[in-house]
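Structure, as structure tokens:
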Amino acid sequence: MSSSNLTGFVLAVVSSAFIGSSFIIKKKGLQLASANGPRAGVGGYGYLLQPLWWVGMITMIIGEIANFVAYIYAPAVLVTPLGALSIIVSAVLAHFLLKEKLQKMGMLGCLLCIVGSTVVVLHAPEEKSLTSVQEIWELAIQPAFLSYTASAIAVTLFLVLYCAPRCGQTNIMVYTGICSIVGSLTVMSVKAIGIAIKLTLEGANQVFYFQTWIFTMVAITCIIVQLNYLNMALDNFNTTVVSPIYYALFTSFTILASAIMFKDYYGQSIGNIVSELCGFITILSGTTILHSTREPEPPAISDFYAPLSPKVSWYIQGSNEPWRQKEEDVSPFNLITVIRQDHFK
């Protein structure tokens, strides 16, 4: 492994530790916020007033900064799969702090993630040398990547406008799908910004190129969308279910986007490519096992903010008919009327 890839590896591991912790801290903050107002999953923003949520946010920012720097030194096909380590951190902390039980098979899933990550690291391609942000821009506007970008935007709009209002709170793939697809564009933009900063620090100023600012605006927009829908996913579903599914989708889309834009596998031997794919499949197997062994999160109580609809039961006896029971929904006012009539008979 080259020194550049080694630096990226170390930074990616540090990033995973912070990001994995942030899932748990933010989840605790969301739980506290939901006790005092509408939940994030139904459009509430009370979590913004929770200090614990902000601690989790700061933790995630530190992790993302480390991840950002890792992308400068190593290719996305090396850095992104290492995000599986954040799932392990998240699962272990959830077991102790959120009482989300980690089964023995879940431990096997963690082991598979570690093995798969090791294989990916050992067979990752070397980072290609880029000399300017204009060179990255040329890669971004090639027809193949423009087609990927257009498809990603179209699918995201469909999920946001059609699927999210209808089944976002019941289907975990909606919110995590939005985060993952948008996340692949985030990584490409962040990598471009990171390379531009690195070149600027080395003396080749990239600030005056308009392409640098386009990449910056795309990254900011995508990050905001990701954070919003990630909060919704965490608030509606079990943390250790969200983490592996989000990881699997996000990694898959990011590797695909990076392979199209940066041509990471160009010039690689078949053996290295197959080993990389086997390592990634091993990681996905580990995340699947983690997902399948988690206990489902109990549904949130929404009746606190909705009027109750009590049921009234009474017995009816007709001529030559046995007693029978009847149940129906009535309003609270009708319930009071029935009670008063029975009381004064």
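Placed from the backbone N, Cα and C atoms, the Cβ positions cover glycine too.
Heads up, TrEMBL stuff is auto-annotated, nobody curated it.
Feature list (source: TrEMBL):
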TRANSMEM  6-25  transmembrane segment
TRANSMEM  45-66  transmembrane segment
TRANSMEM  72-98  transmembrane segment
TRANSMEM  105-125  transmembrane segment
TRANSMEM  145-165  transmembrane segment
TRANSMEM  172-197  transmembrane segment
TRANSMEM  209-229  transmembrane segment
TRANSMEM  241-262  transmembrane segment
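Put simply, of 45-66, 145-165, 241-262, the stretch with the most CB pairs closer than 8 A to the transmembrane segment (172-197) is 241-262. Long-range neighbours of the transmembrane segment (72-98) within the same chain, counting only residues 6 or more positions beyond its ends whose Cβ lies under 8 Å from a Cβ of the stretch, are 4-5, 7-9, 11-13, 15-17, 19-21, 23-24, 27-28, 63, 106, 109-110, 113-114, 116-117, 120-121, 124-128, 187-188, 191, 194-195, 197-198, 239-240, 243-244, 247, 250-251, 254-255, 257-259, 262, 264-265, 276, 279-280, 283, 286-287, 290. Counting only same-chain residues 6+ beyond the ends of the transmembrane segment (209-229), those with a CB under 8 A from a CB of the stretch are 132-134, 136-137, 140, 156, 164, 175, 178-179, 182-183, 185-186, 189-190, 192-193, 196. Here the transmembrane segment (6-25) has long-range neighbours at 52-53, 55-57, 59-60, 62-64, 66-67, 69-75, 78-79, 82-90, 93-94, 97-98, 121, 127, 234, 239, 242-243, meaning same-chain residues at least 6 beyond its ends whose C-beta is under 8 angstroms from one of its own.
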